[in-house]
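In TrEMBL this protein carries:
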- 8-95: domain '2Fe-2S ferredoxin-type' (DOMAIN)
- CYS47, CYS52, CYS55, CYS77: [2Fe-2S] cluster 1 binding site (BINDING)
- CYS117, CYS120, CYS152, CYS154: [2Fe-2S] cluster 2 binding site (BINDING)
- 237-420: domain 'FAD-binding PCMH-type' (DOMAIN)
- LEU265, ILE266, MET267, GLY268, ASN269, THR270, ALA271, VAL272, ASP368, ARG428: FAD binding site (BINDING)
- GLN771, PHE802, ARG916, ALA1083: Mo-molybdopterin binding site (BINDING)
- GLU1264: active site, proton acceptor (ACT_SITE)
Amino acid sequence: MASVPNSDELIFFVNGRKVVEKNADPEVNLLYYLRKVLYLTGTKYSCGSGGCGACTVMVSRYNPKTKEIRHSPVTACLVPICSLHGAAVTTVEGVGSISTRIHPVQERLAKCHGTQCGFCSPGMVMSIYTLLRNHPEPTLEQITKAIGGNLCRCTGYRPIVESGKTFCEETTVCGLKGSGKCCMDQEEGSFINRQEKMCTKLYNEDEFQPLDPSQEPIFPPELIRMAEDPNKRRLTFQGERTTWIAPVTLNDLLELKASFPEAPLIMGNTAVGPSIKFKGEFHPVFISPLGLPELYFVDYTDDGVTIGAGYSLAQLSDALHLTVLEQPKEKTKTYRALLKHLRTLAGAQIRNMATLGGHVVSRPNFSDLNPILAAGNATINLISKERQIPLNSLFLERSPEASLKSEEIVLSVYIPHSTQWHFVSGLRLAQRQENAFAIVNAGMSVKFEDGTDTIKDLQMFYGSVGPTVVSASQTCKRLLGRPWDDHMLSDACGWVLDEIYIPPAAEDGMVEYRRTLIVSLLFKFYLRVRRGLNKMDPQKFPDIPENSMSALEDFPIKTPQGIQMFQCVDPYQSPQDPVGHPVMHQSAIKHATGEAVFNDDMPPFARELFLAVTTSTRAHAKIISIDASEALALPGVVDVITAEDVPGANNPQGEILYAQNEVICVGQIVCTVAADTYAHAREAAEKVKITYEDIEPRIITIEQALEHNSFLSVEKKVEQGNVEQAFKYVDQILEGEAHVEGQEHFYMETQTILAIPKQEDKEMVLYLGTQFPSHVQEFVAAALNVPRNRIACHIKRVGGGFGGKVTKPALLGAISAVAANKTGRPIRFILERGDDMLITAGRHPLLGKYKIGFMNNGVIKAADVEYYINGGCTPDESESVMEYIVLKSDNAYHIPNFRCRGRPCKTNLPSNTAFRGYGFPEAAVVAEAYVTAVASRCDLSPEEVKEINMYKRISKTTYKQTFDPEPLQRCWKECLEKSSFSARKLAAEEFNKKNYWKKRGLAVIPLKFTVGFPVGYYSQAAALVHIYLDGSVLVTHGGCEMGQGLHTKIIQVASRELNIPQSYIHLSETSTVTVPNSSFTAASMGTDINGKAVQNACQILMARLQPVIRKNPKGRWEEWITKAFTESISLSATGYFKGYQTHMDWEKEKGEPFPYYVYGAACSEVEVDCLTGAHKLLRTDVFVDAAFSINPAVDVGQIEGAFIQGMGLYTTEELKYSPEGVLYSRSPEDYKIPTVTEIPEEFYVTLVHSRNPIAIYSSKGLGETAVFLGSSVLFAIFDAVTAAREERGLTKIFNLKSPATPEFIRMTCVDQFTDMIPRDDPSTFTPWSIRVS
């Protein structure tokens, strides 16, 4: 940081050490400072917007007034370092480390298997650690609440919650509570073999060290002295472009505000920070009244509560909780409404950073609190010329006369008590329950003439329906004096829809849904008030109908619980042999301490440059010119790299490194900028001027591709029987289509590449996160026009992959290598989350069309199915994905006359790529959709029709491969039995009869999945095993560790084969130097193929050692190794696995494309709110045929994580594109992966035992299996929606659409509210977003 005169010293502590920054720059955030200045890399960068929790740290401050220390979790990416004067920061390194002492939080997260890729683990540790510093014996609810702002893409959250639960006093007991029995106990007649003992403990809590709060680090006494210093003075921090001023008195603050009227007041930086980063706002001066005592207070009076503007939303919540406990219920209606919304507003970190004053005054249109404050008649106390302004419609709608003057400051907010005849309510609906902006929210209040239901005063405020919070003041006026009855409601709905108009092309889309929510939320309020009146005087005011009661409340947030069942290890197995045991991930402790090194954690190389991208803003256009002159003139910029700078191939295998002459999608890389810092590179990349000329056609959707006959490959087809003939002899024929939208990988570590050019022989070394190092090596060598032996790729670990790091790192690696080659300097290329989502794309959107012929008894005789996927603009893996779809399209069903055809469409979107499940999760949903539709037509349950048509005996697939579905039948039957499906289905039907506005649904989904590829040589693998003279062993193989526990299982294999403890074995990295030509780590076959290669190497070594062992059978391992060396026996071996001999002949439509099958079944139960479209997942039971599990902890983790990822695909994860092909969803704010609140309240996973002699130790690859089982949630939602439609007299069959978002659920549950909204002619406007499937 450049030195600037008149800058004060910034003093704060990090992990107990004093930091004195003489040149504090207001534009530098804490995350950057920790990682790049202090080199504390445990805190991770993942989104940069405060939405994922990966960068969570604890900030502690001392309050001289109360003499208390408050510990808060915060997201370091939003905290300006200048705001930390006098604070103590604790990072994951300060909590505990392997070199000092591991903290119980870190130990338990690791040992409970709460870490997979490990990238989110430091943030999880910090969230739970901060909770324990404030509450050493937390409640279950506090644990769930603490991690609500932390995203994890790997684990499915259950084990993370479990690690936190071990600190709770209360424990959860499963199933038949109180009877002492477990709900999953094996009853007589169970399908589990009596001899096969099942285990349920994946870890041993007796190993855990106790939590001792007295051992935590003390708050630095120097900071207490600083806080209590009576002579504090104003501080100024002068940065490169901006100034930060921290006043110490209220008068000082007012003077500053008068001098700098445009300067923002910075408290939590949760509004200003993102605006600067993502909207390009610039402020030369910041004023920060953080810690000003006059802004931090609560004043309880007889008629209300006044809360200081400096209070964080978490402190506001604490203050309101206290009031609710102390005051009678009738006075606390506003407070309770606020508390309900505060529970789900953002995550714990943002709630601890954002302040009441900042939230109120920034007036976001999506605010969850302002509408309630307005409805509760709150007022804002201002200072300058002391005055109060009502927090009302004029203020919220930004009327100039009701807004703050530039010199005014919010001092506090006064919230009056509610009164007996006054009802206040907060209502909201978001894409997911917690940490998501509302789609529509509302604050409503009504006052009645005492003792009557005559409206004296009515207020309705809506958020997210316009550019500001909107008041329905005209409607409210017209309703004064009316009784609170159905006639009033009917008028209110009509008038409010007239008054609040959402234009058809409005930003954020969902227009008809948002219109429906306006009246649906009003109806909920109407019911709540009717119920409240009835409670006050049951004689005078009739109660609401019994079947409407469930509409009153939102879904509660419960702490998830569950059981994991797996085969116990044979008691006769050697105690040293780890195979079959739930061994902890080999890097788990390092993940939890932040000591696991990811690519961007590597220290900087000498003369290193940062790379930033300039991407296309057009979907299909000619490049007229690229003007980089302005970019090159900026400070720190070294070069701009374009297609002209690629020495070799710019278009390897049909992919494109740098766009040349034309662009074919929005987000295509046109050029990159290399500069001395990322900030300089980013700024310069934005200054590159590109002139375009649009080219027609612009193809965005599958429909448009079909119109223009635009495809990436020829049609793929399989067929059996005589489909046309069979259609002539069936009772009924059904035709339909299903749309499945795409999915973003959202791996926690974005694409990261370090490229280091060597000084001789044109060598280049790359450190990167990839699933396919050989492919990166191939593309880099081609781009640089050098042999592959000059390119070395190193992979230590990958922060999540899910298929998104198979092909894309090769392109990005080549782009980095070209930049390193041109500049002659090391390049660090880290994609920001928004760029990563835009450039790398994800799962293929799919359109499935079907024609099904069936008998009235539910037997399906014929099926003709067509699939189209949106491949994007280049080939990538689309053809291969389509082959997979066509081959697996039957899922678990035997249809004698079956035809499936498919083609990938070429469009002007970024190229979609591999994603866990590889096309199957999208395609198999279509099969489930038509089976469910057949059931509906035959008046049978879906389960009956599934069972009738399921494979039952040794069978042949459509492509003539023989398989035995016995494990499929076992999983299916166990799932139905153990989930108590029949009893729960009856209970759900009973519930549905009694509840009009909430419905329950259940679904059971069978699964026939495969691992591997139809190309035999793809599954070859090699390994290299060295034994050193001290007996330690180094293992390397071609597989990449990305959280799936591959290296852990490999160590277990080597331990068994060499008959030595795991502690002797080390696995350092994957590299093209040690194992060449490796296959990709994908298709669930990482352990299958690399395990076989390592086994082969170990067996070769053991064979060499046999003569030595025979001479000294009782000797120690170390003795044998020394002896072997003295006898000149080689202690290094290459292992090799030839691969599974798979093949597929597409012309003959037959082959043996897969080595073996994996089977499973899942049952899920949901409850949906028909008024809002919200749903709650109550319970899931998953049964997966694991054959013999090498590591049950890893396998259960893969199943749970894949299930939750699949559930996200089918419910909350929605990618939005403009009609011009621009991706809107580019951050955790716009794209909602599941959080801890979305996972099943009860989650049971069972590994079913079978045999699989073809694979190592008779195991099976399970990494992708359970993604599709997540569709049990989708079909449970469909079951609930069908029940609602049936009751409303609508057709039971409707076209399947995934994801089943709240919008889809609400608009499919048609009722009087959906019928009353205004609808627009689609030909009269261009919608904000479109479906691309």
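Numbers here mean position along the shown chain, with the first residue as 1.
Glycine residues also receive a Cβ, built from the backbone N, Cα and C atoms like all the rest.
Automatic prediction, not curation, is the source of TrEMBL annotations.
Note that the coordinates shown come from a computational prediction; the quantities given were computed from them, not determined experimentally.
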Request  = Starting from the Mo-molybdopterin site formed by GLN771, PHE802, ARG916, ALA1083, give every other residue of that chain whose CB sits within 8 Å of the mean position of their CB atoms, in sequence order.
outcome  = GLY801, GLY803, GLY804, VAL806, ALA914, PHE915, TYR918, THR1081, ALA1082, GLY1263, GLU1264
Message = I need the CA-to-CA distance for ALA1083 (Mo-molybdopterin binding site) versus LEU265 (FAD binding site), whole Å please.
response = 52
Minimum Cα separation from PHE802 (Mo-molybdopterin binding site), reported as the residue among binding-site residues CYS52, CYS55, ASP368 that achieves it = CYS52
Query = Given the binding-site residues CYS120, ASP368, GLN771, ARG916, which lie within 10 A of GLU1264 (active site, proton acceptor) by CA-CA distance?
reply = ARG916
Inquiry  = Just to confirm my parser: what is the rounded mean pLDDT across the domain 'FAD-binding PCMH-type' (237-420)?
reply    = 94
Message = In whole Å, how far does the CA atom of MET267 (FAD binding site) lie from that of CYS77 ([2Fe-2S] cluster 1 binding site)?
response = 15
Message = Just to be sure I understand, if DSSP states are collapsed into helix, strand and coil, how many residues of the domain '2Fe-2S ferredoxin-type' (8-95) fall in each?
response = 19 helix, 31 strand, 38 coil
Query = For CYS154 ([2Fe-2S] cluster 2 binding site) and CYS52 ([2Fe-2S] cluster 1 binding site), what Cα-Cα distance in Å is obtained after rounding to a whole number?
reply = 14
Query = Between the binding-site residues CYS77, CYS152, MET267, whose Cβ has more other Cβ atoms within 10 Å than any of the rest?
reply = CYS152
Request  = Would you count the other CB atoms within 10 A of the CB of ALA271 (FAD binding site), including those on all shown protein chains?
outcome  = 19
Remark   = A correct count of other C-beta atoms within 10 Å of the C-beta of PHE802 (Mo-molybdopterin binding site) gives 32
Note = Here the Cα-Cα span from CYS52 ([2Fe-2S] cluster 1 binding site) to ARG916 (Mo-molybdopterin binding site), rounded to a whole number of angstrom, reaches 21
Query = How big is the Cα-to-Cα gap, in Å, between CYS77 ([2Fe-2S] cluster 1 binding site) and LEU265 (FAD binding site)?
reply = 18
Query = Which ones in the same chain are close to CYS55 ([2Fe-2S] cluster 1 binding site), with CB under 8 Å and 6+ residues apart in sequence?
reply = LEU31, THR43, LYS44, TYR45, SER46, THR75, ALA76, CYS77, GLY123
Query = Cα distance, CYS120 ([2Fe-2S] cluster 2 binding site) to ALA271 (FAD binding site), nearest Å?
reply = 24
Query = Rounded to an integer, what is the Cα-Cα distance in Å between CYS47 ([2Fe-2S] cluster 1 binding site) and ASP368 (FAD binding site)?
reply = 23
Key: CYS47 ([2Fe-2S] cluster 1 binding site): tally of other CB atoms within 10 A of its CB   = 25
Task = Have a look at the binding-site residues CYS120, CYS152, ASN269, ASP368 and say which one has the shortest Cα distance to ARG916 (Mo-molybdopterin binding site).
result = CYS152
Cβ-centroid neighbourhood (8 Å) of the [2Fe-2S] cluster 1 site, CYS47, CYS52, CYS55, CYS77 excluded = LEU31, LYS44, TYR45, SER46, GLY48, SER49, GLY50, GLY51, GLY53, ALA54, THR75, ALA76
